[in-house]
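Participant: Before we start, here is the structure in question, set down as C-alpha cells.
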Amino acid sequence: MTAQDAEALLEARGIVKIFGQHRALDDVSFALRAGEVHALLGENGAGKSTLIKILTGAYRPDGGEVRLQGAPVSFRDPLHAQSHGIGTVYQEVNLLPNRSVAENLFLGHQPTRWGLVRRKEIEARARNILVTYGLDIDVREELSSFSVAVQQIVAIARAVELSGKVLVLDEPTASLDRNEVDRLFDVIRSLKARGLGIIFITHFLDQVFALADRVTILRNGRKIATHALTEVNTTDVVRMMLGKDVAFDHHLTGLAGATHGAPCVRFAGLGRKGSVAPFTLDVHEGEVVGVAGLLGSGRTEMARLMFGIDLADSGQITVDGKPATIRNPAQAVAAGFGFCPEDRKLDGIFGELSVRENIIIALQAKLGWFRALNREDQIDLAGRYADALDIRAANHDMPVKLLSGGNQQKVILARWLAIDPSFLILDEPTRGIDVGAHAEIVRTINRLREEGLGLFVISSELDEVVAYSNRVVVMRDRQMVAELTGADVAPDRIVQAIAGTPVLPVSAVAEVAP
Amino acid sequence: MNRSLRPLVATAAIFLLAYMVAVAQFPAMASTRVLGNFLTDNAFLGIAAVGMTFVILSGGIDLSVGAVIGFTTVLIAVLVMWAGLHPLLAFAIALIVAALFGAGMGAAIYYLRVPSFIVTLAGMFLARGAASVLSPDSIGIKHSFYTTVSKSYLLMPGGGRLSVVGIMMLLVFLAGIVIAHRTRFGSYVYALGGSETSAALMGVPVARTTILIYTLSSTLAGLAGVVFSLYTSAGYSLNALGVELDAIAAVVIGGTLLTGGYGLVAGTFIGVMLQGLVQTYIVFDGTLSSWWTKIVIGALLFMFILLQRLLHSAAPRRRKRLWTA
C-alpha cells in the first residue's frame, strides 16, 4: 500500500500540478493494480479530475512521474495515452449520436479493402463485442436511439477495444437509474475479471463500497490515504474526505439551545423530481439552519428550489404565516429572500461593476425601472453596508473584481442586506476565501442572526457549520436524511448522518473517536 | 426506418408527385429528351452541390462556390484564348487552383477557428474579385475541343441525349456517394457534423478532414466551372452568381440537416432534379415569369426545413429497450 507498489499497472509518483499560484496537486502518489476497481474520492477541488487528466495525458505534471507497467511514460494527449492502453469514459458520453453503434465502436479504425470500409465486417464484429457486454442490439441503428446506459456501455466497449489495460470511468453513473447502475456494475466486474485496472470516480459512497476494491481519498490537492475497502467503513471515508477529526468542537455552547423568534419561512413538502425529494423545513427569525452533505447530495438544488431558480413540482412556501408563490427569483426577492450562490464569479458578482453598483443592484431590481435610486442615495446605502460589513475597498467606485474573495463575498451579502431581507440563503459562503477571512464571514453570519434574520447556510466546512448553526439538516442522495439539534450539532454526528450509519448517542461517539 | 432516410424518402415522394403532375399537364415532359436536357442544364449545379453536401454534413457552409465557378470560367477562357493552351491543360490548371483555394479556406477555418461562414464569404469576394481582375468582360471560347465535346452525347432510348457534362455530373454523384458512405474520410465528415469535440476525442484527424472537405468542395466547384465553360463556351466574371445558394437549397431539399451530421449525397441529387423540374415546368408553361422558379424553390426550401424539424426533433425519439434480459 505504499507509493512504490510492486504490482502497479499504472502508477503516479509524487505528482505536482500548479495552476498559477494554486497547487492543484501536491505530491500525490497513486497506484492502480491490474484486476482491481480503484475508487477515487474527494470533494470539489480536491484534485480528482486534475489527477485523472494527468494520468490520461490531458495535462502534463509539473513534478513527479507517471509509470505504466513500471516504465516511465509521458503522454502527449489522451489519444497517445489511449494507444498505450489507457481509455477514458466521461460522464457525458463522448461518442457520435448521429452515427450507428457499429461505427461508433470502430471510427478511425475501420477495416478497409481498397480504401473502402468493410461495413459488414464492422457490424459483425460490433455485434460480437457487444454480446460479451450482455448487449444484443441492432448495431446499425443510430447511437442516439439508445438509452444513456447503452451509450455508456458502447463507450466503455470502445475504450476497452482500443486501449485494453486501464479504464478510467469519470462519474459514469451520474445519469443512470438503479437498474442501469447494476448492469453497468456487472460490466465493470467482468472487465475486472479480464484483468483490466479500473479507476472509478463517483460521488456515491454506496457505489464505492459495492464495487471498488480499494479507495484513494484526495483533499485539497493532497492524498489523504489509500485503503482496501475491507479495512474502512463509510464514516471513516466521509471523515477523510471532509478532513474533520471528530475530537474538536467549535460549537458555542448555548447556541443550539438559544431561543429564536417566530417562524419566518416554512417550506412544506417542497421538492422537484430528479432534483430534491420533498422536504419540510421551518426557519425562524434569528435562527441559522446549517446544511451539510457531500457534493451532489442535493444541497445546492435545495437552495435553488427555495429561491425559485428551479421550479418546485410539489409543496408550499409560507412566509410570515401567509402562503407565498415563488416561481422565479424576482418573486423570491419580493417575498424578502436573498441568495448568495455557490460560485461567486459565475453567478453572483458583476466583476466589472463597482462596489457601489454591486451593492445597490438587487435593491434597484426590487424597486423596478421607474424608481431609480439617485446617486446620493446609492453612495449613502453602499457606504452604510460597506461599513456595517467591514468591506475593505480603497473606494466604492472600484471594480469588484479587484477585491479579495472574502470582500467580494461581503459585497454580495451587502447587496442582499440592502433589500432588508427576512430570509437569506448562503451557498458555500466561505469557498475560495483565504482562511483568515473565514472567521470573519462566520462572525458576520452570527451577527445577522442576532439581528433577527433567518438564515439557511450550506457549507462543506463542518466546523464552520457547527460554529454558526442552531440546527443542522443533513442531505444524502438528494434527500433530507437528518435534522440535528441541540447537542447533536457536532461534527461527529454530522459525519455519521452523512455516512448514513446508525445514529449513536453522543457519548458513544465520543468513545469511538480517536 | 433510419432517421437519415426519412427526409430522403419524403423528397423522393415529392419529386415523383411533382413529376407526375407536370407530365399530366405536359405529356411531352415524360420523354428522355427532356430528361437529357435536365441533366445537361443542371450539371454544374449538381457537381457543386455534391461538394456542398460534404461541407454541410460536416456542419459548415461554403459560400464561395458560385464565385469559384465564375473565376474558373474566366481562368479557362484566359488560358485557352489568350495563352493558347489546350482546354484540357487549362482545365487541369483551373482545378489545381480551385483545390489550393479550398485548402486555404479549410486551413483558415480550422487553424484560425473562424466560422466557415466568414471564411468562405471572404473567399467568395476574393474569387469574384480575382475573376474581374483577370477580365471584366465576357470572353468567348472558340476551340475545336469545345465543339467536339458539345456535339458528343450518348443516345438514350426515346431519342434523349445524355451529354458529356450530364455524364460528368452522374459520375460525380456516384463518386460522392461512395466517398461519403464507404470511406473513412466519409465517416469523419459525418463525425465532425455530429460533434467535433467527440470526434477529436475519438481520434478523428480534425485538421486534415476539415481541410480536405473544403478542398473537395472548391475542387468540385472548379469542375462545375469547367462544365459551365463547356456548357456556355464563354468565361465571364459574373457567371454563376448565387449558385452557392442554389446548391445549399438543393442539399437541404435533399434532406441534409443544415446543422450537419445527417443526410445523404443521393438526396442532393433529387434536390437538384427537383429544382430542374420546376425550371422545366415553367419553360413548358411559357406564361410564367422565370422568377417563379425562385418562388417555388423558396417555398419548397421552407417546407423542407419545417419537415426536418418535425422529423428530427418534434417526433418523440423512441428509446430502445435497454437490455435484452
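Just so you know, glycine gets a Cβ as well, placed from its N, Cα and C.
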Participant: What range among B:34-56, B:126-148 does TrEMBL record as transmembrane segment?
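Facilitator: So the range that TrEMBL calls transmembrane segment is B:34-56.
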Participant: Need a quick answer: max count of Cβ pairs under 8 Å to the transmembrane segment (B:211-233), which of B:63-82, B:154-180, B:245-271 is it?
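Facilitator: By the under-8 Å Cβ criterion, the transmembrane segment (B:211-233) pairs most with B:63-82.
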Participant: Taking a Cβ cut-off under 8 Å, which residues six or more beyond the ends of the transmembrane segment (B:245-271) line up next to it in the same chain?
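Facilitator: Tertiary neighbours of the transmembrane segment (B:245-271) are 3-8, 10-12, 15, 45-46, 48-53, 56-61, 65-66, 173, 176-177, 180-181, 190, 192-194, 297, 300-301, 304-305, 308, 312.
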Participant: Looking only at residues six or more beyond either end of the transmembrane segment (B:291-311), which have a C-beta under 8 A from one in the stretch?
Facilitator: 3, 6-7, 10-11, 14, 246, 249, 252-253, 255, 257-258, 274-275, 278-279, 282
Participant: Test of understanding: applying the rule of at least three C-beta pairs under 8 Å (pairs 6 or more apart in sequence), is the transmembrane segment (B:154-180) touching the transmembrane segment (B:34-56)?
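Facilitator: Answer yes, regions in contact.
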